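Chemist: Pasting a structure below so you can have a look.
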Amino acid sequence: MEVYFTTHKVSGFWLLVFRIPYVILFFLFVIPFLKGYKIIAQKFNNTLLINAIYIYFGIAILISFATFFMKSNGFIGALEIAIGVFLMMIFGVGELIMGLGILRLKENLGSFAQVTGVVKIVNGIMAITLILWFVALFLIIPILILETFFLNDTFKTFKDSITRDDKAHSLK
């Protein structure tokens, strides 16, 4: 759609109108993931993952604001490239911290948490280094699918591990 707006010289107002639903859909997709991770982090007393969730949410807000300020009139300027590189590195940091938080759950949740955490860490490192950023972007959808299965599997087995103090101690 952005290409259409660019080639037909659509005004900035309509570009903004197009971007608002994009940001709303983005947050409708991100918030359930972060809420699921927050529930897991609270149940297992994983403060690193709780902090990672807040950082990741802040990064999502930053990326959303940057979306509104990128002009993209057919010519990408040096400032937009610099902002894009910065956002990619920030996204990588968020992926890395989330991956470390998920990896810390491996003692409680087993190998599925370990695989999910390692994959997010690797994806974050690829995004931070900027050499393999295109691979990191390509892997976002498979990683989201992996995270969906991880969260679903964790919540299915959660029921058996909750104790009287409302904390989960181990699912292994």
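Just so you know, glycine gets a Cβ as well, placed from its N, Cα and C.
These came from TrEMBL, pasted as-is:
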{"type": "TRANSMEM", "residues": "12-34", "note": "transmembrane segment"}
{"type": "TRANSMEM", "residues": "46-69", "note": "transmembrane segment"}
{"type": "TRANSMEM", "residues": "81-103", "note": "transmembrane segment"}
{"type": "TRANSMEM", "residues": "124-146", "note": "transmembrane segment"}
Chemist: Near the transmembrane segment (124-146), which same-chain residues lie under 8 Å Cβ to Cβ, leaving out any that are not at least 6 residues past its ends?
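Modeler: Apart from its flanks, the transmembrane segment (124-146) reaches 33, 85, 88-89, 91-99, 115-116.
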Chemist: Sequence-remote contacts (6 or more beyond its ends) of the transmembrane segment (81-103), Cβ cut-off under 8 Å?
Modeler: 37, 41, 46, 48-53, 55-56, 59, 62-63, 66, 69-70, 113-114, 116-130, 133, 136, 150
